[in-house]
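Shown next, in structure tokens, is the structure this report addresses.
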Amino acid sequence: MEQDNSPRKIQFTVPLLEPHLDPEAAEQIRRRRPTPATLVLTSDQSSPEIDEDRIPNPHLKSTLAMSPRQRKKMTRITPTMKELQMMVEHHLGQQQQGEEPEGAAESTGTQESRPPGIPDTEVESRLGTSGTAKKTAECIPKTHERGSKEPSTKEPSTHIPPLDSKGANSV
């Protein structure tokens, strides 16, 4: 009789590949077969629960159409100042309409980095390429000069003037 504490071996039956393939080609085909984990990922992405019209980011739509290997090669690209400005304008437009989308603060990165009373144009100038606020004394706006007898009557606006082709304010 066999001992009970010996490890049991599980044998799998592997369906034979086409008989006309040589063993090297058969091995390459076997290696290219997806693992169960990638099958779960691809089946989740092709499921009808994901509605492309509900996905706000067009970059994400194109990413869903890619294979897992192509998605793995892609790197995250930080947005340019123009793209950042467009995101902020879009976000402010939605706030004015009263439609605050879920996760909007995380996507633009301006919600938490802007202290009250600072216009959004100054937030953009403070944002670095990583999307985090730079803490420098020169970036803090002065509402009125010390010792000045007249306080500033200009209120901070939420309007962001458009940039000209060189990236400077056209105002």
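Backbone N, Cα and C define each Cβ position, glycine as well.
Note that the structure is a prediction, hence the values are computed from the model and not measured.
Residues annotated as compositional bias 'Basic and acidic residues' in Swiss-Prot: 19-29 (among others). Assigned with DSSP, the residues of the compositional bias 'Basic and acidic residues' (19-29) fall into helix, strand and coil as follows: 7 helix, 0 strand, 4 coil.
Here Swiss-Prot flags 135-157 (among others) as compositional bias 'Basic and acidic residues'.
Annotation comment: Swiss-Prot describes Met1 as N-acetylmethionine.
The phosphothreonine annotation in Swiss-Prot covers Thr35.
According to Swiss-Prot, the phosphoserine annotation covers Ser43 (among others), on the basis of similarity to another entry.
Per Swiss-Prot, the feature phosphoserine maps to Ser46 (among others).
Positions annotated as phosphoserine by Swiss-Prot: Ser47 (among others).
The annotation phosphoserine is assigned in Swiss-Prot to Ser67 (among others).
The annotation region 'Disordered' is assigned in Swiss-Prot to 1-171.
Per Swiss-Prot, region 'Essential for activity' is recorded for 9-12 (among others).
Summarising model confidence by region, the region 'Essential for activity' (42-54) averages a pLDDT of 50. Summarising the annotation, Swiss-Prot assigns region 'Essential for activity' to 42-54 (among others) and lists a curator's inference as the type of evidence.
According to Swiss-Prot, the feature region 'Interaction with PPP1R15A' maps to 143-171, an assignment based on experimental evidence.
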